[in-house]
Amino acid sequence: MREKWVRAFAGVFCAMLLIGCSKSDRPQMGNAGGAEGGDFVVGMVTDSGDIDDKSFNQQVWEGISRFAQENNAKCKYVTASTDAEYVPSLSAFADENMGLVVACGSFLVEAVIETSARFPKQKFLVIDAVVQDRDNVVSAVFGQNEGSFLVGVAAALKAKEAGKSAVGFIVGMELGMMPLFEAGFEAGVKAVDPDIQVVVEVANTFSDPQKGQALAAKLYDSGVNVIFQVAGGTGNGVIKEARDRRLNGQDVWVIGVDRDQYMDGVYDGSKSVVLTSMVKRADVAAERISKMAYDGSFPGGQSIMFGLEDKAVGIPEENPNLSSAVMEKIRSFEEKIVSKEIVVPVRSARMMN
């Protein structure tokens with residue numbers, strides 16, 4: 001995969017950052033890694049959920065673990081449960097002189113800014129957010145607006161096939177990079193049919209499957225037949241609602257996020273309610289930059305964009321629920337995005353108002 005070094009996007013991304021959260025559990029710690037005796041250690045701090053959330057955190061952990069296994073290194077993680085625990089969690093790893101400390105998501109931006117100033121020799125990686133003007137911090141961001149455009153095309157085509165005039169979008173929280181998903185999804189939908197509406201629901205949490213299921217029920221009851229969920233653990237509830245309704249004979253679909261969630265939607269043999277997924281290779285970013293830190297080529301102070309032309313975002317290689325005609329349409333749009341014939345927006349119409 002090829003990475004593009006970009007500073008132009010940093011200002012846009014930073015303008016999106018909204019910091020803050022509220023969680024209730026105490027930090028949970030764990031470890032994994034290569035053979036005993038490895039001196040290089042990567043420490044990962046999550047901002048919501050755990051490393052088995054079937055979404056973003058799990059992807060990052062898989063990338064770090066893969067790096068550790070291949071380089072005789074080790075890795076540890078801590079789940080910081082409140083904003084008050086972010087700085088202590090990062091600082092605890094920095095006190096151990098980690099080879100790299102990885103912060104997952106935009107909740108941790110302010111904590112990374114503070115901690116990186118206190119520990120100028122410690123290398124930090126913040127994933128899916130931007131920290132500027134810190135020589136010991138690398139920011140990995142993704143063109144999820146580009147990947148979301150493609151699943152927007154799939155959603156709109158499925159809606160038109162069913163005679164529907166709207167599709168659904170459920171987001172965990174409107175912060176950090178999250179607006180990019182809605183912007184790209186809406187643009188993809190409108191590229192197919194400008195008259196199809198995107199109905200948005202905000203869960204205000206990434207870790208409440210029951211809330212996700214309730215919001216999905218609301219959208220499906222309104223007549224929507226396809227929902228794109230971008231909500232971490234909350235999104236698992238969206239998938240569950242789709243599975244339950246399919247078992248009751250309703251023709252509804254859900255679009256996964258971050259990784260291929262087809263298997264999460266299986267409800268009858270090998271049948272799945274997951275139409276497709278907006279895959280974001282956070283694991284590749286985590287593995288790649290961990291290796292750079294290990295090799296002594298850590299690009300401190302840089303923001304690295306992983307986009308569609310890098311094959312870091314997009315749809316899975318296999319899409320059993322998409323016809324060849326739909327795939328052909330999606331690939332056509334993909335080529336236009338990569339060639340810059342189509343420039344995908346970073347804000348939706350709703351966000352612009």
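Heads up, the Cβ atoms here are built off N, Cα and C, so glycines get one too.
Between Cys21, Cys75, Swiss-Prot assigns N-palmitoyl cysteine to Cys21; no such entry appears for the others, which is not proof they lack it. The annotation in Swiss-Prot ties Asp47, Asn57, Asp128, Gly232, Asp258 to inosine, and of the candidates under consideration, Lys158, Lys160, Lys280, the one tied to the same site is Lys280. Annotated pair Gly232 (adenosine binding site) and Asn57 (inosine binding site), C-alpha to C-alpha distance, rounded: 9 Å. Neighbours of Asp128 (adenosine binding site), defined as other CB atoms within 10 A of its CB across all chains, total 26.
All chains included, 27 other C-beta atoms sit within 10 angstroms of the C-beta of Lys280 (adenosine binding site). Counting every protein chain shown, the Cβ of Phe206 (adenosine binding site) has 28 other Cβ atoms within 10 Å.
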